[in-house]
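Below is one structure, written out as structure tokens; the observations come after it.
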């Protein structure tokens with residue numbers, strides 16, 4: 001009656017589902033996944049940007065290298081073209097002097113020489129490349145030798161070994177038809193890895209403290225460095241308002257750099273100066289004063305100038321002001337032979353490291369002094385400590401890098417050669433090992449003159465308008481024991497001299513009068529004043545018998561004073577510009593003077609005449625005569641120290657200073673001497689060949705120095721208003 005129930009309903013589609021619902025946790029999870037994806041993408045893009053930045057830096061370095069190489073090629077091409085033109089002209093001029101048959105042969109040979117094929121060029125350049133690769137392999141081997149200094153890559157031929165390491169085309173061969181066998185199968189091009197590898201080797205070869213200076217800088221580093229430089233510039237601008245640093249007053253100052261091993265470089269500033277015209281004594285005075293004048297040189301200027309020492313604050317003195325002058329016709333020309341400036345790196349980077357960024361010189365035929373000579377092998381270095389090296393360590397002169405020579409010998413023919421130092425150059429009796437600073441005397445003004453008493457007890461420092469006396473026998477004493485007010489308040493004292501008895505002090509400076517002080521009285525007092533016609537005195541010397549005083553005047557004259565009668569007895573005339581420095585021989589028979597006229601002159605004190613004249617290419621700022629030998633050391637404005645023999649043409653030229661050599665003094669033993677300069681350096685040298693004994697760097701220009709009579713102490717006066725006392729360690 002009722003239908004049976006359907007036990008198994010027919011199969012149909014799934015029941016319809018409701019709308020999908022997302023929970024908050026699912027949404028946050030999806031956001032997190034998208035954020036992680038974007039962060040990974042950002043990190044990838046950031047890495048790509050850094051990679052592109054590094055590639056950009058590498059490309060810029062390559063661009064500089066290519067530019068330097070192309071410019072060098074251009075200069076060399078013009079040079080060779082000019083040489084070829086001159087040689088061709090010379091051949092054409094000499095042809096008429098040959099016989100007719102010989103003329104034809106020469107013409108044919110010249111024409112054959114002009115026919116240079118591409119195959120010959122490829123062959124020649126291939127040989128040059130092989131030679132450059134061999135040189136590179138030798139240098140790589142030399143770098144691996146223990147005890148050897150890092151190799152200076154900047155001195156390589158840019159088209160030889162350097163091109164091989166950089167993966168650059170070798171010279172102009174990239175412009176020629178290259179045969180398939182151009183590249184050697186065993187040499188693989190390094191592409192962009194060359195500069196990075198060279199840079200890594202450089203960073204590994206320097207000390208850890210200096211490694212970061214030679215790494216590739218990212219744009220962020222450059223930006224930070226720019227901000228840091230702005231901050232430093234603001235600090236420097238504020239510091240310039242003070243007169244802490246004395247600036248030597250040289251009109252033709254140039255930034256010359258010495259190849260010192262530590263590679264330190266001090267920037268130099270040029271300051272203007274004012275000139276005071278001084279009248280020169282031309283006629284005998286009514287008091288019967290003798291005036292000795294040697295025959296004047298042809299072309300010498302008759303006008304004299306007395307330089308005033310002017311600085312930023314219009315108060316600081318410097319060396320006798322350098323006056324721009326036209327060389328006289330018979331001035332010494334540069335000697336033929338080796339130019340020491342070409343034998344040494346001249347830029348700020350330390351020796352053995354690549355040079356500074358290339359700067360194109362103004363003259364296309366003039367190579368910048370800091371660039372290595374193309375095609376010229378680097379100089380053979382010089383090692384002053386060869387005697388202490390073991391046999392297992394090779395001498396650095398066998399390598400192409402290392403400490404450059406700084407001492408050169410000039411023979412009678414005028415050629416300069418590096419000096420081979422003897423084994424006892426830095427050892428032996430009377431040769432110090434170093435100097436230790438033991439005291440600082442805060443004078444309060446720029447210290448332009450210093451001297452030490454005998455026995456060593458007092459130090460006299462001359463500044464602006466006064467001389468201060470210090471007792472250095474008590475190291476803890478920081479105050480002067482007395483103050484001697486000299487000259488005028490605003491005039492700087494340029495020289496102070498003690499008589500051997502220690503009872504009399506003579507003071508000269510930027511005034512026409514010399515002050516003679518009696519130190520034996522209970523209170524030091526001025527017992528006499530000597531007045532000259534010159535407005536300033538630059539240097540003083542005392543005869544061994546203490547009877548005569550010699551003063552270098554700003555008008556070029558050398559005044560001779562009788563200290564007993566306190567009168568002027570004679571004037572030596574010859575310098576055509578201010579006389580800046582002076583010294584006397586131990587026997588008192590000969591006087592040596594240096595001047596701003598680029599000359600050093602010797603005078604016979606018995607006969608009252610000039611004996612010799614030495615012409616230089618730079619102004620003379622300091623000199624000293626060896627107490628035990630016939631050697632005269634001269635410090636010059638161009639940073640050189642030259643040691644001359646009094647009677648022979650031999651001389652030595654020393655190159656460790658980076659700026660003007662402002663003072664110089666021999667030790668009493670005569671075996672060594674010291675020099676100071678505007679580069680803040682105190683250098684000690686071996687007599688006469690100039691082996692560097694020790695070196696000390698101060699914080700400002702070192703204007704003056706003196707050595708005690710027992711050779712145990714050195715005193716220096718500097719532009720930061722203090723004097724420094726050193727103990728010499730033997």
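Just so you know, glycine gets a Cβ as well, placed from its N, Cα and C.
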* Annotated stretch (motif 'Nuclear localization signal', per Swiss-Prot) among the listed ranges 187-190, 191-194, 227-230 -> 227-230
* **From 205, 415, 675, the one Swiss-Prot labels phosphoserine** => 205
* For the set 207, 521, say which residue Swiss-Prot annotates with phosphoserine. => 207
* Structure fact -> The candidate from 267, 397, 701 that Swiss-Prot records as phosphoserine is 267
* Structure fact -> Checking 218, 543 against Swiss-Prot, the one recorded as phosphoserine is 218
* Asked: Based on the annotations in Swiss-Prot, which residue of 306, 326 is described as phosphothreonine?
  -> 326
* Could you count the residues of the repeat 'WD 7' (697-730) that DSSP puts in helix, in strand and in coil? -> 0 helix, 21 strand, 13 coil
* What counts of helix, strand and coil residues does DSSP assign across the repeat 'WD 3' (532-571)? -> 0 helix, 22 strand, 18 coil
